[in-house]
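As given in TrEMBL:
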- A:34-53: transmembrane segment (TRANSMEM)
- A:59-79: transmembrane segment (TRANSMEM)
- A:100-120: transmembrane segment (TRANSMEM)
- A:126-146: transmembrane segment (TRANSMEM)
- A:167-191: transmembrane segment (TRANSMEM)
- A:228-261: transmembrane segment (TRANSMEM)
- A:282-303: transmembrane segment (TRANSMEM)
Amino acid sequence: MSMIEENRVEAVAALPGPSLAGVEDYLALLKPRVMSLVVVTALTGLVAAPAGLHPVLGAVALLCIAVGAGASGALNMWWDADIDAVMARTAGRPVPAGRIAPGEALAFGMTLSVGSVLMLGLTANWLAAGLLAFTIFFYVVIYTMWLKRSTPQNIVIGGLAGAMPPMVAWAAATGTVGLESAVLVAIIFMWTPPHFWALCLIKSDDYARAGVPMLTVVAGPNETRRQILLYAIALAPLGVAPAFIGLGGALYLAVSVVVGIEFVRRAIVVYRVREGAEARKAAGKLFGFSLIHLFALFFVLLVEKAVGLPPLTAPIAGWM
Amino acid sequence: MAGDDDRNDPNRKGLVLTEEQLRRRKARNVAIAVALAVLVALFYLVTVFKMGGNVANRQL
């Protein structure tokens, strides 16, 4: 064998190996379940906004926001592959499982990030594009790279990234950000900690093993239960707020009151039941209901706008 | 080129993809093609709908 052939064989042997990634692995990088939540909240922002984009442009804007959120997820999985590998819930993700190389996930995430921001700028406006870029930056750099491994307040502050889609969509439709979109952001922002901590109560060992300082690991489950309850109590009136700023109607008011009370009731159960399988079950039920809670609020707003139900008169409309 | 000449050589050294790897590569290629086609359609639609009636209002 000539020296050139030997070198070639060695070089080929040193390659990472042929990719086994399927299309479904790249879709998994986009965190489709998180994307579905983003689509619902962003669509609500788009539809509830007073000025509207052409439906086709609105659909493209929505796609850009969803892809931007997915890109954040891919970059998150690229950076967090080491801790994902030691957590049972995330060990099967494409990067820690070895189906997608970290560099591929990085390139995929960066391409989609830049593409979605530019496309949103060209389709809607550059304020919306800037907000989407900020959202991706906040999720990847501020939350994933910095806060997640350094403070138990990681998901409290980092939750802002997940809360932004309605404001991005609102900006896409109107070219500005109003009080209404800020209230929608505030609802998701306040909803995120109890939602995530309910999951942490069940998966606390996972986070401890990975060395992620979640509140359950650092302050313990009982302090987490107390914080969940406090956030649930703060979230209930915030969830009703859209009905008082000219955004939600009578149906929204009724639904937001019911789901808000139910959220607090389930948080009280989590706070009281602290031992054994019942405690895990209560946390699991709160986690499941939190998803229903957020979907219900935004879906009802969406339905009201879609069928033309009028919003309640805004007592503070004169302020805006 | 030497690399091209021995492509069908069963004794060729280096990477030889398995059926599964070939199948997945083909699926990825199809997905990329679909994504590119969607992008073309999106740019076309966005261009048309952004221009809208302004085409008729342009200075002749």
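Keep in mind that glycine also has a Cβ here, set from the backbone N, Cα and C atoms.
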Any contact, the transmembrane segment (A:34-53) to the transmembrane segment (A:282-303), with at least 3 Cβ pairs under 8 A: yes
The transmembrane segment (A:282-303) versus listed stretches A:100-120, A:126-146, A:167-191: most Cβ pairs under 8 Å: A:167-191
Beyond the flanks of the transmembrane segment (A:126-146) by at least 6 residues, Cβ under 8 Å: 61, 64-65, 68-69, 71-72, 75-76, 79-80, 109, 113, 116-118, 120, 154-155, 157-158, 160-162, 164-165, 167-169, 171-172, 175-177
